[in-house]
Every structure is written in structure tokens, then in C-alpha cells.
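Visitor: Take a look at what Swiss-Prot says about it:
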- Gly40, Glu41, Asn42, Gly43, Ala44, Gly45, Lys46, Ser47: ATP binding site (BINDING)
- 8-244: domain 'ABC transporter 1' (DOMAIN)
- 254-502: domain 'ABC transporter 2' (DOMAIN)
Amino acid sequence: MTLPEPLFRMEGISKRYGGAVALKDADIAIRPGAIHAVLGENGAGKSTLIKIMAGVVAPDEGRMLLDGKEIAFASPAAANAAGIVCVFQELSLIPDLSVADNIVISNPPLKFGMIDRRRQRRIAEEALARAGASDIHPSALVKDLPLSRRQMVEIAKALARKPRLMILDEATSALTQSDVEKVFTMLKRLRAEGMALIYISHRMHEIAQLADECTVFRNGRSIESYPAGTKTDQQVVELMIGREYSNVFPPKPAHRGEVMPVLSCRDLSWGDRLSGITFDIRPGEIIGVGGLDGQGQRELLLALFGVLRDVKGEVVIDGRPVTLKSPRDAKSGGISMALIPEDRKTEGLMLPMTVRENLSIAALDRVSRNGVIDRAAERREIDDLFKLLAIKAATIDMPVAALSGGNQQKVVIAKWLMNRPRIILLNDPTRGIDVGTKQEIYLLLRKLADAGAAIIFYSTDYDELIGCCDRVLVMYDGSIIRQLEGAEINEHELIGAALNIAGDHAAQRIAP
């Protein structure tokens, strides 16, 4: 079958930021009626590539062609006018405006010089329906929507612009499984309608399910383009990281013997979201928290960290009952707990501030003397963490917003490690980062556990739970219904427990 000519092509594209090369002689060709996956580690050049496509930044060298004619975009508005629209990983919605206002914000329908509210609502309803999100009310305020629904509004906003080429940058990373399926259905429909689509994701199974063509980027260069399905996952990952990809997860230690738990929960409950949570964790253990998304896993972490009010039940630290009324209590010296949040950009980092400031602010007591920051002590602490986490940054005084997503996530982790926590809570810490950085985080977690930390690790990725965790607590409807250990930690048992289906072992509430 003869392939159609590319709708959009980039040839020899290069971009530098100061002395740093973001793209070097990059090429890519996007065809109509096809989904083109762009793969690469964080920092490989993908974000710069799509920013150039979308008119956010201009290339230093190279050219772009649309319908065979050379073009240049002075702004995102110019790219939109040419039919190129991007759904960025960072949401562009205005929280205090309605869904409908956000969807038409770049080109509101007018009548007698004023916004035509009836037509605006109709446009919003059509865009939401096309995105598979007709359950979202156009009049709802964006700030009242959960993150996954905001992402669906972002996609609807892009569709309302009637693009010829739509770019999706990690568009499913914040979505529920139900919304992911709706997005997949939408993308397949748009492909059948002849739209050109660029799909960026670190989730290999999504690429396998959706893509027609793939291009791999590494260190700012386009390494190889190939038809989807012609390479194994391992071959693709090796193209992305430039080395052999094996031993993704570090080996698990042998049974450590009986050690007194560092943390115990007894019948922890909170409203209708948590019920009867009971478990122990010992120093050196990595305990996974699994189950379908939204079964109380995040609430469990927030309850342990003192964020939630009116939590019932008992938390015991080192055999002594404690009261966790606030994160300050959880972080205190006697408890020494840390929570790595889910959303690094809104909950984990202060993006306009420097890497140094983000790290130091979490541990002022450690790096201060008589109320004044000891710059030498601060530098020693930061240098140690940079080495431990292999953080890539030109300088610690650069804005943290300028780092790649993977390095931003490392800074979030480093920020909490500044206080040397004994108990580490992680809320889906590898969401939206590349496979190489994920592997580094897995190694770090095992290293921290081997040094005596107790780690509670919530993940929506079954492979992570299987590969990283010594035990897995599976949650359903706010309760722990199953504990998996050893050979039981496999995909079949995890899925069965997540769906509350009794497998070889009857589902039961866990008691230590």
C-alpha cells in the first residue's frame, strides 16, 4: 500500500539554549490519517520539538514544511491558524473560568460585539462529546474538576480548534483508566477521519496499541523512524537510552527476619474513603499499595502524613502511639516521615525558584546556623544528593522549571531526602517520566531501603509493584482486601485482587 505524502515535515531542526543543545539536526515526517509516536527519555528533545511545531519557540536551524510548503510560526496562534494544535503535559486552563470559557478562550463566538453564550455552550458541548467527555458540564468551573477531568477539557479545547495535526504530550498520564479508553477511542476515530496525530508517551503498551509509525529521539537527535510493531519493547528502550536495557528492577533481599515495625496502622478510617486499614512496615521494607485507581490509596498516604483531619484509628511509631495532626507532626524528628507527591509541578516544586532554593527550603534546620543559611553546609548536602540521584542540571542556581521532567522528579525526591527520613511515602512517583529515570528511581528506593528506610509505594503500574515491592497491599473501596507476598506478587493476582475477585486465596481484610 502506498503511503500518503507527509502533511507536516521537519528537516535538520536544531535548537540551543545558551550552551545547551536541545535539538541537533532532527528530522520527522507526519502523515495524515496516522498516529505517529515520538519516544525518548526526558531531556531527549521531545518537548523542544513540539514547542517548535506549536510555535512556542523558533528553531535556530532547519526548516518546517506544511503541505510541501516551507512555513515558520511566530507564535502559537500562528500554528493554530495553520491547523497545528498541541495538548501540552502542563495544563493551560484557567481555573476560575468555566469549562466553556476555557474551550473557546482563543476565539470566543461573538454576537453584537459580545460573547454569544448560547453558541459558546454549543461549541463546548460538541467538543466535549468529541473528546468522549460529554459528562462534563460546560458551566462547571475548572477549579472544581479533578485533574483527570481537567485533562479531558484540555483535549476538548484542542479539538474545538478543528486541527489538521494534533499533538498530545503525555495526555493520558493524569487520566483514569476509563478516560484513557475514551481517549484511545477518540484518537482512532480522528485517525479514521484523516487527522494527523503525534502521540508522546512513556507507556510502551499505549504506543503498541495506538501508533502507526514511531520516531525515537536521544540526546536531541532523531535516532530512527520505523513502522510500529516492527521492534520489541527492549529494542525500542535500547534505542532510547543508547545502551543495553536489562535488570530493570534491582534484586529483592532475602527475608530479613523479625524486626520491630517502625510504623503500624490499627483500624485507620476516614469518612467513607478509608475503612479499617491495618498493617505493619519494618525498616528495610518496600511495601506496595495497589488496586484500581481511586480506591483510597492516596487518602491513605495523606492520612499517614497528617494532611487529613478527623482520621480515626491508631498510628504507632516504634511501638509508641502518635498523633499526626499535620505534616509538621509527621516530619518531626521522632517520626521523620516524607511524602513524595503525585503532581511534581503543583505539589512538589516551586517552579520559578532555583534548584538550590527548592532543595534548601525543605531542610532549613539542617543547613542553617543561628537562623542564617550556612552556604557551605547547604552545598555539601546538595552535592551529595546530586550524586545520589544523578540529577542533571547545568547549575544548582538555574530555575527548576528549566529541567526535564525526569530531573524535576529527582529534585522532588531529593528535597524530601534532605531531612534523612526514616519513613518514605511515595504517591505514583514515576508517572510521566522516562524509562531510564524510572530505573534510576527503582535502584534508589532499594538503596534507601537497604540503608534502613521503610518505604510505602503507591503505583498505578503493576510492573513496578511486581518488580520493586517486598509486599503489596491491594485496596478496594477504601479497605485493604489482600496482601501479596513473594511469588503471589504477579499480574494475575494483582488484577484479581484489584477487581475483588477471589483467586487461589480468598480475598480477606488484612491483619498483621
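Backbone N, Cα and C define each Cβ position, glycine as well.
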Visitor: Sequence gap of 6 or more, C-beta under 8 Å: which same-chain residues meet both conditions with respect to Ala44 (ATP binding site)?
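Guide: Spatial neighbours, sequence-distant, of Ala44 (ATP binding site): Phe217, Arg218, Asn219, Gly220, Met240, Asp434.
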Visitor: Which entry in the list of binding-site residues, Gly40, Gly43, Gly45, has its Cβ near the fewest other Cβ atoms, using 10 Å as the limit?
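Guide: If we count Cβ atoms within 10 Å for the binding-site residues Gly40, Gly43, Gly45, the smallest count is at Gly43.
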Visitor: Including all protein chains displayed, how many Cβ atoms other than that of Lys46 (ATP binding site) lie within 10 Å of its Cβ?
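Guide: I count 25 other Cβ atoms within 10 Å of it.
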Visitor: Check each residue in the chain of Ser47 (ATP binding site) that is at least six apart in sequence and keep those whose C-beta is under 8 Å from its C-beta; list them in sequence order.
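Guide: Listed in sequence order, they are Asp169, Ser404.
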Visitor: Specify all same-chain residues, apart from the site residues Gly40, Glu41, Asn42, Gly43, Ala44, Gly45, Lys46, Ser47, whose Cβ lies within 8 angstroms of the center of the Cβ atoms of the ATP site, ordered by sequence.
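Guide: Going along the sequence, the neighbours appear as Phe217, Ser404, Asp434.
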Visitor: With H, G and I counted as helix, E and B as strand and the rest as coil, say where DSSP puts Asn42 (ATP binding site).
Guide: coil
Visitor: At a 10 Å cut-off from the C-beta of Glu41 (ATP binding site), count the other C-beta atoms across all protein chains.
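Guide: For Glu41 (ATP binding site), the 10 Å Cβ neighbour count is 25.
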